[in-house]
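Chemist: I have a structure here, written as structure tokens, and I will follow up with some questions on it.
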Amino acid sequence: KVFSKCELAHKLKAQEMDGFGGYSLANWVCMAEYESNFNTRAFNGKNANGSYDYGLFQLNSKWWCKDNKRSSSNACNIMCSKLLDDNIDDDISCAKRVVRDPKGMSAWKAWVKHCKDKDLSEYLASCNL
């Protein structure tokens, strides 16, 4: 599934992501835009360390999910393939786990590059939140 920006914003708001970990809803949606283009089936790799990135939030197989290609910390306790379906509830749960680590949203390189310290005040202005 490819979400629209506003569709994803409403979904994430319903899952209490606005303010989660100290990050505004706009930060979460911005991160998803630049990580996956809002596509739940986004799959990328092979990364330099042999890992792959899965789904809407491009969650990494070395740290967050298990893909049977290599050993994993599997901190979200989930098979990576589950992060490629249209149900994003488990993706959201895993993203919440990621942001609890000291790096916070800086775990996502695309967020650092495109969203961090940017003025996102108008980013969701059209979404009727």
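The chain as shown is numbered from 1 upward.
For all residues, glycine too, the Cβ spot is worked out from N, Cα and C.
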Chemist: Pick from Cys115, Cys127: which cysteine does Swiss-Prot list as forming a disulfide with Cys30?
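Modeler: Swiss-Prot annotates a disulfide bond between Cys30 and Cys115.
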Chemist: Between Cys80, Cys94, work out which one Swiss-Prot annotates as bonded to Cys76 by a disulfide.
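Modeler: Disulfide partner per Swiss-Prot record: Cys94.
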Chemist: I'd like to know which of the binding-site residues Asp85, Asp90 has the most other Cβ atoms within 10 Å of its Cβ.
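Modeler: Going through Asp85, Asp90 one by one, the largest Cβ count within 10 Å is at Asp90.
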Chemist: Considering only the recorded positions Cys30, Glu35, Cys76, Cys80, Cys115, Cys127, which fall within 10 Å of Asn87 (Ca(2+) binding site) when distances are taken between Cα atoms?
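Modeler: Checking each Cα against Asn87 (Ca(2+) binding site), there are no hits.
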